[in-house]
Amino acid sequence: MIVDIRKWKHVFKLDPDRDISDEALDLICQSGTDAIMVGGSTGVTFDNTVDLMARIRQYELPCVLEISNQEAIVPGFDLFFIPVVLNAEDPNWIVGQHHEALKEYGSLLNWDEIVAEGYVILNGEAAAAKLTKARVNLDAKDVAAYARMADKLFNMPIVYLEYSGVFGDMELVRRTRQVLENARLFYGGGIDCLAKAQQAAEVADTIVVGNIIYSDLEQALRTVNVNFDRTGR
Ligand code: 1GP
């Protein structure tokens, strides 16, 4: 399958460590979303990732793995997203884990399938923020500098503003996107209804919907109806 992340506007993120029924997965995969991202901060294993991938693979849509630990690298996804947490104070999450993984698998990788994500984690309560010791007390200028770093200095195709669990500062998201020239701005965090999906869609290139899938599937499904007419990117 040829997968073009530049066309993605809406993505559902599924966590291998959380249960989802076949019925719910069917509705998610047939919802009209552009892709499924598989990933989570804790409890992600090879086994639960393989299981979830095999179930999603019954559907036509693109399915990518966001790699959070080396043990859970499962072949067979369309693409592999590698988060580089630019505002992590623990360097393990900027280059440490990546270094270890490349020592092990560097010669085996198909680089056409690898996509680097310049992550900026902005909700200090999120599991990912704690894990990476993210410096979350950032203003729009700080975030813009990280965004430029990802886009211009490192040539990363994605800048991911991660508010996981809370709905973020849309003005900050808007200002961040303005400084990007090539990278796509992914926004994730607290989208739990169509109205919030719409607000995020007006300032980001791609919106990611996670938690609400597990607590209110109906609301999650409504977020697919977001209108993205604003941007021609
Ligand atoms: C999490 O950015 C995603 O990695 C989505 O966030 O779970 O808050 O929707 P939520």
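If you go along the chain as it appears here, the first residue is 1 and each next one adds 1.
Placement of Cβ uses the backbone N, Cα and C atoms for every residue, glycine included.
Keep in mind that TrEMBL annotations are predicted by a computer and have not been checked by a curator.
As written in TrEMBL, here are the features:
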| type | residues | note |
| --- | --- | --- |
| BINDING | Lys13, Tyr160, Leu161, Glu162, Tyr163, Ser164, Gly165, Gly190, Gly210, Asn211 | sn-glycerol 1-phosphate binding site |
| BINDING | Asp15, Ser41 | Mg(2+) binding site |
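Neighbour count (other Cβ atoms within 10 Å of the Cβ, all protein chains): 18 for Ser41 (Mg(2+) binding site). A gap of 12 Å separates the Cα atoms of Ser41 (Mg(2+) binding site) and Lys13 (sn-glycerol 1-phosphate binding site). For Tyr163 (sn-glycerol 1-phosphate binding site), applying a Cβ distance below 8 Å and a minimum sequence separation of six or more within one chain yields Leu122, Asn123, Ala126, Tyr187, Gly188, Gly189, Gly190. Annotation for Lys13 (sn-glycerol 1-phosphate binding site): same-chain Cβ neighbours under 8 Å, separated by at least 6 residues, are Ile36, Met37, Val38, Gly39, Glu66, Gly188, Val208, Val209, Gly210.
If you draw a 10 Å sphere around the CB of Leu161 (sn-glycerol 1-phosphate binding site), it holds 27 other CB atoms from the protein chains shown. Across the fold, the C-alpha of Leu161 (sn-glycerol 1-phosphate binding site) and the C-alpha of Asp15 (Mg(2+) binding site) stand 18 Å from each other. A separation of roughly 13 Å, to the nearest angstrom, links the Cα atoms of Gly165 (sn-glycerol 1-phosphate binding site) and Asp15 (Mg(2+) binding site).
Within 10 Å of the C-beta of Gly165 (sn-glycerol 1-phosphate binding site) there are 16 other C-beta atoms, taking all protein chains into account. Long-range C-beta contacts of Asp15 (Mg(2+) binding site), restricted to its own chain and to partners at least six residues apart, with a cutoff below 8 Å, comprise Val38, Gly39, Gly40, Val44, Gly210, Tyr214.
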